[in-house]
Amino acid sequence: MPDSSAVQQRILALTERLHQLNHQYYQLDISEVPDQEFDQMLAELHQLETDYPDLALPNSPTRRVGGTITKQFPTAVHRYPMLSLGNTYSEDDLREFDERVQRGLEGAPYSYVCELKIDGVAMSLRYEHGQLVQGVTRGDGTRGDVVTANVRTIRTLPLALRPGPDQPEDFEVRGEVFMPLPVFAELNAEREQNGEPLLANPRNAASGTLKLQNSAQVAARKLRFYAYSLLTPGRHFASHSAALEALSRYGLPVSDTWRRCANITEVLDFVHYWAKQRHEFPVATDGIVIKVDDLRQQDQLGYTAKSPRWAIAYKYPAEAARTRLNEVIYNVGRTGAVTPVALLTPVPLAGTVVKRATLHNANQIELLDLRLGDLVYVEKGGEIIPKITGVDLAARPADAVPIQYPTLCPACATPLVRPEGEAHFRCPNERGCPPQLKARLEHYVSRRALNIDGLGAETVGRFFDLGLVTTPADIYDLPARRAELVTLERLGEKSIDNLIAGIEASKQVPFPRVLFGLGIRYVGETVAQKLAAHYRTIDALMVASAEEMAAVPEVGGVIAVAAAHWFQQPENQALIERLRQAGVQLAVTGEAPVPASDRLAGLTFVISGVFESHSREELQQVIISNGGKITGSISKKLSYLVAGDNMGPAKREKALALKVPIISETELMALLPSSEDEPAVSEENVIAATGLGSQGELFS
Ligand code: IVH
């Protein structure tokens, strides 16, 4: 029998890898390994957890909603299949499309509607009696994932429609869910701050977001929706344009960029206009959709096996430019990750001049077989971050130089490491590598962390270069070194006063932001808040094991291992000691947000489905910290089934058959003491609200 520390190691390794693969799959839309391999790892982990229950981590990937990646959402069959459009890249093809339409309609007059082709995720929404009842992804066109709880978080999407005399009782709205470009840019900036990999484009960001299990997280991502068609069993409107107008009247968001076009010449004018103009539009678009307006004529033209004959998508050519690769430099980030950046001969592309492009990592350089001096193709990924997509091999100069990926850190010459399964090389010299130290200081003073007035990234960087500060704790020694600061160029008395006042004020910044500011790998704002809320003081956090931390909602095994490792380092312990001496907030003040009590002692709960305001882990935590127990299966002895959206019908039926009360997340919360330690509602009210009836004795 293997010793338990070997088992523990294996559990940690599997957990870490599975969390990473899940993250890649859901957030980045990358499948690094085949599903089968994923399932094998999951099965192995599950077996180890069964054999060694004491070593099982509470946030194990085996405990995710639905168990595996393929079972995250229930699926539904589309009433009307979700077809795709024929694509074209040339104006000649558009003219041919028009000729086919003309022939198909046998000379009858017709007109078109042109719309922007939004680059997001197709969504089918069902409205019954004016109420949003279901949201389903395209899936394979016949069957898609039911993501109702997630689409409900889209603020601009009405849950109830404005009534209108011509509103069908039961209809479907098709449209595109997307992430606006500014939201995407903000999300990536935040990920960069947290040392997380960037999302490639807004479409991946939108599809990854829709696949999140926690709809509260989805809500934070600010997705949007544009409707582009309305489907009813019979024909309800005479034309597509009338249906678009009706959708707007009902309160559904329809982009006002659509136009009626009398003929193909007007269609081409529309295409030309948006070729440039779309770069000013705050939503990623990749073309124009052209539809025959009259619905009777649409029926007359009909469908091929895959797509309608009455519509076509004109795709703008991916904006690419060819330019010379002159040099590759290597940036070292806050967490030591090394990112190669290509320096190019400046070239105009989609409205800006591109001089640099990201190469992501060493794999990318190998895949593209890049050489210095090559002519390369640059594209704007999701219209934002330029990337190198290919090499003009025919034009390769004889003296093109193969790129030697560095083996030593370009900043501090420490040998680089590449942790198993990671794409990036890393410089492990956390304590001494200048760009890492500097980036950590910049992070510490940044707006979302300690937000030190008068000490921006630039100033702190300058102080670092001058040897005035190396770690965040050194910042608090600056006021005593006023005389030295005065001698610095470009730093007047007034700026110094401002700086000192800012440093003083930062001592009042709440603990979660200080914890975030420490720059622990993977500990972003949300995780910092969760850890702070759970442990309340840095001292409690410093002695917590990785296993314990992994039990905190939203803190997975990977994060917990990184955080525990960070707190074990003597120099980090010394840093915290100095911050404490300086008077920085290292504990939460005020009430604990998750009330702890024995209110649920003796009660057992099953949690099922997806919830609006809490993740399942949070609900579990709430139940456990109030003395309740979680179980997996429904039996007569079960106290409550806590039901969210998309709960399987079998569970509901079983609970009903065994007379197990089914309650919502709000009703669960109502069972708990409020923060003033009074019951949130009287017991009678709880019983009335939950319809528990004779189950009331559970409280006695
Ligand atoms: S109409 C029968 N209109 O482009 C097909 N599609 O293959 C009906 N899209 O993923 C689609 N903007 O989600 C239509 N204004 C628009 C669109 C649009 C984006 C997407 C659609 C689908 C793809 C078409």
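The backbone N, Cα and C atoms fix where each Cβ goes, glycine too.
Features of the protein shown, as given by TrEMBL:
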{"type": "BINDING", "residues": "Asp35, Gln36, Glu37, Phe38, Asp39, Ser84, Leu85, Glu115, Arg138, Glu176, Lys291, Lys315", "note": "NAD(+) binding site"}
{"type": "ACT_SITE", "residues": "Lys117", "note": "active site, N6-AMP-lysine intermediate"}
{"type": "BINDING", "residues": "Cys409, Cys412, Cys427, Cys433", "note": "Zn(2+) binding site"}
{"type": "DOMAIN", "residues": "595-672", "note": "domain 'BRCT'"}
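For Glu37 (NAD(+) binding site), the nearest of the recorded positions Lys117, Cys409, Cys412, Cys427, Cys433 in terms of C-alpha separation is Cys427. Sequence-distant contacts (6 or more apart, same chain, Cβ under 8 Å) of Leu85 (NAD(+) binding site) comprise Val289, Ser307, Pro308, Ala311, Ile312, Ala313. The average pLDDT the prediction assigns to the domain 'BRCT' (595-672) is 82. Ranking the binding-site residues Cys409, Cys412 by how many other Cβ atoms lie within 10 angstroms of each Cβ puts Cys412 at the bottom. Considering only the recorded positions Asp39, Lys117, Arg138, the residue whose Cα is spatially closest to the Cα of Cys427 (Zn(2+) binding site) is Asp39. Same-chain residues with CB within 8 A of the center of the Cys409, Cys412, Cys427, Cys433 CB atoms, the Zn(2+) site residues themselves not counted, are Val332, Gly336, Pro410, Ala411, Ala413, Thr414, Leu416, Pro428, Asn429, Gly432, Pro434, Pro435, Gln436.
The binding-site residues examined here are Cys427, Cys433; by Cβ neighbour count within 10 Å, the least packed of them is Cys433.
Of all the recorded positions listed here (Asp39, Lys117, Arg138), Asp39 has the Cα closest to the Cα of Cys433 (Zn(2+) binding site). The Cα of Cys409 (Zn(2+) binding site) lies closest to that of Asp39, out of the recorded positions Asp39, Lys117, Arg138, Lys291. Lys291 (NAD(+) binding site) sits 59 Å from Cys412 (Zn(2+) binding site), taking the C-alpha atoms as the reference points. When Cα-Cα distances from Cys412 (Zn(2+) binding site) are compared across the recorded positions Asp39, Lys117, Arg138, the shortest belongs to Asp39. With respect to Cβ neighbours within 10 Å, the binding-site residues Glu37, Asp39 differ, and Glu37 shows the lowest count. Take the CB of the residue listed as 'active site, N6-AMP-lysine intermediate' and look out to 10 A: across all protein chains shown you find 23 other CB atoms.
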